[in-house]
Amino acid sequence: MTKQGNDTQKRFFNDNLQTVDVAIFDAIRGEFERQQHEIELIASENIVSRAVLEAQGSVLTNKYAEGYPGKRYYGGCQFVDVIENLAIERAKKLFGADFANVQANSGSQMNQAVFLALLKPGDTFMGLDLNSGGHLTHGSSVNMSGKWFKSISYGVRKEDQLLDMEAVERLAKEHKPKLIIAGGSAYSRLWDWKKFREIADEIGAYLLVDMSHIAGLVAGGVHPSPVPHAHIVTTTTHKSLRGPRGGLILTNDEILAKKINSAIFPGLQGGPLMHVIAAKAVAFEEALQPVFKDYSANVVANAKTLAKTLQSNGFDIVSGGTDNHLLLVDLRSKKVTGKCAELALGRAHITCNKNSIPFDLETPFITSGIRLGSPAATTRGFAENEFIEIAHMISEILDNLGMAKSDEDNSAVEMVVRKKVEDMTNKFPLYSYLHTC
């Protein structure tokens, strides 16, 4: 090899990102600064540990490993087998399940795998309506689940925004679905897993629980577990579980476990993302520690505090409060749309998302509400006092926005709140080792 070729190879293995691609480096640096200086209230987001970051950014990204531990289609898998087996065993221990598949690349793909394993195109299934707090993959007409299968939606009661279990039972008996999905992305109350299973058993249907939003709370013991009741449980590994982005499928049924494994590979995916599976394993181990129970309890306490303080400030909370990590704020009485609220709060460095509320008359691009969540800020160390202050900051901005004639009329309030946000976030630094990079 020539000296020039040798130098090129050395640079390939040793030059850092800032040297190789300054545009991407700057964008990542900008995102780090955004996360450091903004209050993250998006309920589906969290902040992972340095250990999770290191596992995901490791040399495992180089390795192809089609198949499952001990049954790979490639050589050189002795170490990735160790990693995947650790992830499987930790997931089983964490949730008390007999079988676990850790290969799903995303929440959508894990749910698609269940559909592939249990249903045929055109089969009927039931899921929570999107406006009632459901998820796209639970039967939305714009999603594969609603395009390839006959989707029957159930919802919440108009008078209290709680799940209408009588309607669930009535619809199940009327339509005889092969699958019933429980779980959602914007429902703030406890789920009656036992009742869902009774309804499923009565009509001979499978029960799938998608606990993506509450998995960390289940792991921490502050939310009832669906694992003893559901035929299959799916969850993303980020959100309240505080791991990398990805999916996890659990079951206590060996026959269903085999169907799920075949649906993931070779049904939907090829080689698994071993660097992500390693990060999942790390996150599962973190969630098995006693301190995670404290974290989960704090997540719920902080969400309750946020909801109660906003209520005291005159805001309407869907269903009257929360039992988990999230809350939906109905903004109609404030004469503000979800879209305008999201933008105004964003300008003050409080990040949330516009969200439809039950029986919403606005489009999903406008909405009548916002969704707020406590996991990420709780990870930073925010406690109930901080969440009380956050509620007051939100109130300042949105109360004034409702009276303002334009965004410019709200700018002075947003500037004052942005300074308060800066003072608060500076007290809770992220990844201090990165500040010197």
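Here the Cβ of each residue, glycine as well, is placed from N, Cα and C on the backbone.
Taken from Swiss-Prot, the feature (6S)-5,6,7,8-tetrahydrofolate binding site covers L130, G134, H135, L136, T363, P364, F365. Same-chain residues at least 6 positions away in sequence with a Cβ under 8 Å from that of L130 ((6S)-5,6,7,8-tetrahydrofolate binding site) are, in sequence order, L136, H138, S140, S153, S356, P364.
Sequence annotations record features per position, and here Swiss-Prot assigns site 'Plays an important role in substrate specificity' to H238 based on sequence analysis. The DSSP secondary structure for H238 (site 'Plays an important role in substrate specificity') is coil.
In sequence order, A43, S44, E45, N46, S212, H213, A215, G216, P375 make up the list of same-chain residues 6 or more apart from K239 (N6-(pyridoxal phosphate)lysine) whose Cβ falls under 8 Å from its Cβ. Summarising the annotation, Swiss-Prot assigns N6-(pyridoxal phosphate)lysine to K239.
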**Complete:** Taking only the CA atoms, the spacing between G134 ((6S)-5,6,7,8-tetrahydrofolate binding site) and H238 (site 'Plays an important role in substrate specificity'), expressed in whole angstrom, is 18
**Request:** Provide, as an integer number of angstrom, the distance between the C-alpha atoms of H238 (site 'Plays an important role in substrate specificity') and F365 ((6S)-5,6,7,8-tetrahydrofolate binding site).
**Result:** 25
**Message:** For each of G134, P364, count the other CB atoms within 10 A of its CB; which of these binding-site residues has the top count?
**Reply:** G134
